[in-house]
Amino acid sequence: MDILVLLKQTFDTEEKIVLEDGQISEDGVEFIINPYDEYAVEEALKIKEELGGTVTTLSLGPDRFESSIRTALAMGADQAILIDDESLFGDEYTVSNVLAKVIQEQSYNLILAGHVAIDDGSGQVPQRIAEILGIPFIGTAVKVEINGSDVIVHRDVEGDTEIVETKLPVLITTQQGLNEPRYPSLPGIMKAKKKPLARPDVDISEEAIQAKTEVLETYLPPKKSGGKILKGEIKDQTKELVQLLRNEAKVI
Amino acid sequence: MGQKVLVFAEEKNGKLRNVSFEVLAAAKKIANGGEIASILFGLDSNEYVQALAKHGADKVFVVLDPSLTQYVTDVYKEAFIEVVKQFQPDAILIGHTPIGRDMAPKIAAALKIGLITDNIDLEVIDDKIVFTRPIYAGKAFVKKIAYDSPVFATIRPNNIAMEEADPSRSAEKITLSFSPSQDALRVKVRDVIRKASKGVDLSEAKIVISGGRGVKSKEGFEKLYEVAEILGAAVGASRGACDAEYADYSLQVGQTGKVVTPDLYIALGISGAIQHVAGMSNSKVIVAVNKDPEAPIFQIADYGIVGDLFEVLPILVDELKALVN
């Protein structure tokens, strides 16, 4: 079983967002594997442990991605591909074209990816890649079972569970609740330093990397100042709260 | 110049979802007197067609095939593209629901066009549609445009107000037959296990009541459901509460969970970690109840009670019941 994992590096969830000249500043920011992609890495490793094969991570992004890729290698992935050519970054349309182009040159049975990245929250790239590759897509998996070429996935749909089946090859996106990602072991970290990280050039048409959307402006939400802290006995405070919600805020 | 706008109408539990009417309101902003068409899949319902007409649809495409009674990504994608070919829209809008999120990028990839997802607002400036969407789960925002025609976007539920129904309006119903390709049938739905039937859906709820570690147990969460039921609210949870197994992960609100924007968010026993705040800080009114007066949640709350949530809850239930009666 050859498994590809789409891996993106994102800001640590604890980071505050700071703007500098209208752009999001990366100064002093801690980076992590996108938490949803981490579920994808873990699931790939579990499937490999059961069925054998290889796990390859695939990323499109700047050089700094290497630290997160090494983490995935330390968790147990076998090898990694990083496309760090800035002219290929673009939007979801271009990113999907570039990644699909690279995937077409790999051998794979299964592609796993986080169902959304916690930075731009766009949630488009996996679906687009499945479409370009012409393979089935299954989103928000909370359980994956593979039996020969049969695949059964339990997917989360607003808290309900949908059980779907298909056949390999397939692209599946991972949702919280699927697994508990492992921590890299110390020997794993040592080994990861020597695992192959390819940085291939991608030969792709101009048209495929022309972005279809443009960000005009990035801004921060207005700062909230603390509101009204109620006073007195809990009973009176609660009564006052209900009145305020009813008459002042008019939300109940 | 009038624009042709195509919107997706989505049904859930025997009702059209509110977001379907919200996307119609968004479509109206774009249409500028042009034509608005809705899509209904697998449902030959005149009642739905009328409801969509009253909220702004001029045409309703009803696409019928047994394969459309259950959502399957590629089947819906193919049916959707059939309607796009027929109607030739200048813009397409879909609710950012689980179905919308799942199929919109597939449709965009098949049509080789851009897509802007999860928008909370849109405005037309100099003939350009400018979309507003949160990034980093609401820690920042971007304004974005798409170059293609059709312009394609998904709209987050609960952010664009639906318009009042206009009973004098009617719509032309166009019934299309459709049959999916063999490829589209490669994924089959075997079963659906309904767990979330309890209460209201988080993403569309006008009121969300969330519990954190301070709720202390699964039983504690049952008390939240009591208040939620009186208010017609949905129940949410912090990561801490989910990790402690007081609540299911599907209820988690935050940067690695659901991002919600209700009219009222009630945070009970939630300290206000930055990841949680990212998921709810854009709610219109925020109430916090926490024993710790230093809890960061109070910095973003509109109303705060420093105290034990289990003291507050029964009084809240009584007061709300009195109000409802």
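Placement of Cβ uses the backbone N, Cα and C atoms for every residue, glycine included.
The annotation domain 'Electron transfer flavoprotein alpha/beta-subunit N-terminal' is assigned in TrEMBL to B:5-189. According to TrEMBL, the FAD binding site annotation covers B:R213, B:238-239, B:252-256, B:269-276, B:N290.
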Distant-in-sequence Cβ neighbours of B:R213 (FAD binding site), under 8 Å, six or more positions away: B:S238, B:G240, B:A241, B:A244, B:Y246, B:G269, B:I270, B:S271
Assigned conformation of B:Q252 (FAD binding site) - DSSP reduced to three states: strand
Cβ-Cβ neighbours of B:I270 (FAD binding site) (radius 10 Å): 32
Listed binding-site residues (B:Q252, B:Q255, B:I270, B:H276) that sit near chain A [CB under 8 A]: B:Q252, B:Q255
Assigned conformation of B:A273 (FAD binding site) - DSSP reduced to three states: coil
Cβ contacts of B:Q252 (FAD binding site) (under 8 Å, same chain, 6 or more positions away): B:G236, B:A237, B:S238, B:R239, B:C242, B:K258
Cβ neighbour count (within 10 Å, all chains shown) around B:H276 (FAD binding site): 30
For B:A273 (FAD binding site), nearby residues of its own chain (Cβ under 8 Å, 6 or more apart in sequence): B:S238, B:R239, B:G240, B:G254, B:P296
